[in-house]
Amino acid sequence: MRTDFIEELRWRGMLHDMMPGTDEQLNKEMTAGYIGFDPTAASLHIGNLATIMLLVHLQKAGHKPIALVGGATGMIGDPSFKASERSFLDEDTLRINQEGIRKQLEQFLDFDCGENSAEMVNNYDWFKEIGFLQFLREAGKYLSVNYMMSKDSVKKRLETGISFTEFSYQLLQGYDFYHLYKHKNVRLQMGGSDQWGNITTGTEIIRRKEGDEEGYFKAYALTTPLVTKSDGSKFGKSEGGNIWLDPARTSPFEFYQFWLNQSDEDSPRYLRVFSLKSKEEIEALESSHAAEPHLRIMQKALAAELTIRIHSERDYQMVLKASDVLFGKATLEMLQSIALDEFDTIFNGVPQTEISRADWDSCLNLLDLISTVTKSEIYPSKGEARRALQQNAVSINKVKVSSPEQSLADFQLLQDRFILVSKGKKNHLIKVI
Ligand SMILES: N[C@@H](Cc1ccc(O)cc1)C(=O)O
């Protein structure tokens, strides 16, 4: 059963621009639509997630989503709204990146659900067969340079400079659309609003080569707004840079915290774009949130749903445990319940020091341990360490140290190798090896 894809995007605030006739096409028949992703990095980031959601909703509405990995276009680099020419990625990097992105895209769509099963393609597969002369004859001839220069996406660069190579990018993307139209009956290309120029180059190539039928176009275009933040800063970045989907680059914990820290102003929009909750569910969250804003109900719902979808239920449970451990609530019992293979994940990002077992066994002085080992993060000087110990401000494995003279033998290692020193919200993990 097909549902109204455009209506869904509308209430979610995910519709930026659309070619006239796009909704008629979607209402008329099951339609294949695609989005391309260039392998500029080995992982997608949450900026890509908004466009991935277009494919997810397209499939949920009963249409066929196609994800394209830009093995060929990635060799060139999209100049759209880029201030300057970029350097090429080398071929090894491109290969690694393509593979990483392909695997991630696979997670989001259903590849086995009958006629609207998702598909994955790589434009290198057709471009590797096409020679330069053939390309000039089959693609370049159909558009004027004047038309290509009129795009907003390259306007600035025409003043500051653009290579022939980058200027040709829109032709490659345009040809992709034509190729997919011809071979897979793809009628729709989607993307972020910065892609409008490249996408309409494609619809134009298709129109010039295939004609239109009584005013009906054969191919359509739709874009989604770039996700913004109400304070004007760039969405999707933390101090550490991009928020990646790959857990090796952005840990599930950091990922969860990112969503948890979004403002009350932005969260309603982000829920609409990134969560799969219905309108009613989102509105219900908004009103419970408004009643008790300090509980951060919207942020928690968003962070939970996305951590589970991008990572896993187990990672989410781990993140909750980690928040308790790092931000207060944990008890010795909770620490003791952490399995050996969970330590790395839970304490990812917490300063750590390794000491030898011999040192640990011979280390009887608490003051020495905490002042030398946890220096800089917790205590700048031995004097301050002593003072903190005297004031009972230090915990070891979440148990308050009762006096600076207390023996280390009073504290058991967690999993026979870890000890957590904390003062307020500051933590330091010592690993005995
Ligand atoms: N130009 C797109 C990626 C893309 C590549 C090839 C296509 O056919 C479509 C889209 C981007 O940079 O985001």
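Including glycine, each Cβ sits where the backbone N, Cα and C put it.
For Tyr34, Tyr169, Gln173, the entry in TrEMBL reads L-tyrosine binding site. Within the same chain, residues at least 6 positions away in sequence whose Cβ sits under 8 Å from that of Tyr169 (L-tyrosine binding site) are Thr73, Ile76, Gly77, Asp78, Pro79, Ser80, Asn198.
Summarising the annotation, TrEMBL assigns ATP binding site to Lys237. When other Cβ atoms within 10 Å of the Cβ of Lys237 (ATP binding site) are tallied across all protein chains shown, the result is 15.
Here the domain 'Tyrosine--tRNA ligase SYY-like C-terminal' (342-429) has a mean pLDDT of 79 out of 100. What TrEMBL records for 342-429 is domain 'Tyrosine--tRNA ligase SYY-like C-terminal'.
Per TrEMBL, motif ''HIGH' region' is recorded for 39-48.
As annotated by TrEMBL, motif ''KMSKS' region' applies to 234-238.
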Among Tyr34, Tyr169, Gln173, Lys237, which binding-site residues lie by ligand 1, judged by Cβ under 6 Å to any atom?
Gln173
Excluding near sequence neighbours, so keeping only residues 6 or more apart in the same chain, what lies with its CB under 8 A of Gln173 (L-tyrosine binding site)?
Gly36, Thr73, Asp78, Asn198, Ile199, Thr201, Gly202
What counts of helix, strand and coil residues does DSSP assign across the motif ''KMSKS' region' (234-238)?
0 helix, 2 strand, 3 coil
Number of Cβ atoms other than its own within 10 Å, given for Tyr34 (L-tyrosine binding site):
25
Longest CA-CA distance among Tyr34, Tyr169, Gln173, per record bound to L-tyrosine, angstrom:
18
